Amino acid sequence: MNNLSFSELCCLFCCPPCPGKIASKLAFLPPDPTYTLMCDESGSRWTLHLSERADWQYSSREKDAIECFMTRTSKGNRIACMFVRCSPNAKYTLLFSHGNAVDLGQMSSFYIGLGSRINCNIFSYDYSGYGASSGKPTEKNLYADVEAAWLALRTRYGIRPENVIIYGQSIGTVPSVDLAARYESAAVILHSPLTSGMRVAFPDTKKTYCFDAFPNIDKISKITSPVLIIHGTEDEVIDFSHGLALFERCQRPVEPLWVEGAGHNDVELYGQYLERLKQFVSQELVNL
């Protein structure tokens with residue numbers, strides 16, 4: 001006890017020692033769904049309907065490149081999945097775990113734009129309790145959700161692990177790190193990552209307690225794939241120090257991207273974001 005900081009002591013005695021409680025306080029802000037999925041009579045084909053709040057930025061032709069379906073997780077929830085065919089000759093598919101306050105409808109335009117610019121297809125999914133997915137968002141469900149997405153990507157589309165880039169943004173780095181620590185892939189990209197829930201809420205926390213949530217810091221050293229970390233230096237939600245700490249623990253780090261002046265939600269608006277991704281996907285992965 002003598003080695004604990006004041007903030008750690010406060011957390012220890014004031015917060016219930018339960019990862020789920022910490023997670024619910026910190027992490028999950030599911031929006032009202034911005035899309036619906038309608039199934040045909042055969043039960044095998046799903047149609048995506050976007051609401052105005054999805055802010056779709058492309059034509060119906062681009063929308064035809066999006067395939068959606070539902071799959072079941074090991075926890076019994078049915079989650080919505082989205083496969084975006086951005087490029088006919090794409091070597092890699094990004095398995096994209098999005099942030100905590102959006103759903104697939106809101107992300108669909110971003111996926112089209114990103115994939116077409118870096119020549120990758122994109123596979124994504126909604127966490128339990130988000131969008132059309134059933135259940136509730138919890139830490140355990142996050143891990144089951146990404147596992148189900150990984151299995152669907154591999155079995156439904158026949159995509160091999162060496163052609164999958166695991167990509168996580170913000171809270172999405174939590175399922176991404178967990179998956180990448182258990183399965184090898186072409187690469188891992190962590191965009192505005194966190195070290196753990198306690199370390200976000202209490203920045204002076206120096207170690208992982210049994211009741212901490214989202215312990216990326218303890219899992220990242222188990223990742224054997226190349227890891228690219230991207231973080232804004234002025235991140236007001238997850239401090240830049242989290243990206244640095246994770247980078248230092250990587251087995252196979254590549255040159256990170258520290259975006260000078262960027263916050264938590266605008267990294268992708270800086271030109272060097274796309275430049276770094278293009279370089280990583282089209283040049284560096286070939287030689288790794």
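Glycine residues also receive a Cβ, built from the backbone N, Cα and C atoms like all the rest.
Values in this document were obtained by computation on a predicted structure and should not be read as measured data.
As annotated by Swiss-Prot, active site, charge relay system applies to SER170, ASP235, HIS264, with the evidence given as a curator's inference. Annotated phosphoserine per Swiss-Prot: SER282, in sequence order.
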Listed in sequence order, residues with CB under 8 A of SER282 (phosphoserine) and six or more positions away: ILE118, ASN119
Rounded distance in angstrom between the Cα atoms of SER170 (active site, charge relay system) and HIS264 (active site, charge relay system): 8
Around the Cβ of SER170 (active site, charge relay system), the count of other Cβ atoms that are within 10 Å: 23
Between ASP235 (active site, charge relay system) and HIS264 (active site, charge relay system): CA-CA distance (Å): 5
Of ASP235, HIS264 (the active-site residues), the residue whose Cβ has the fewest other Cβ atoms within 10 Å: HIS264
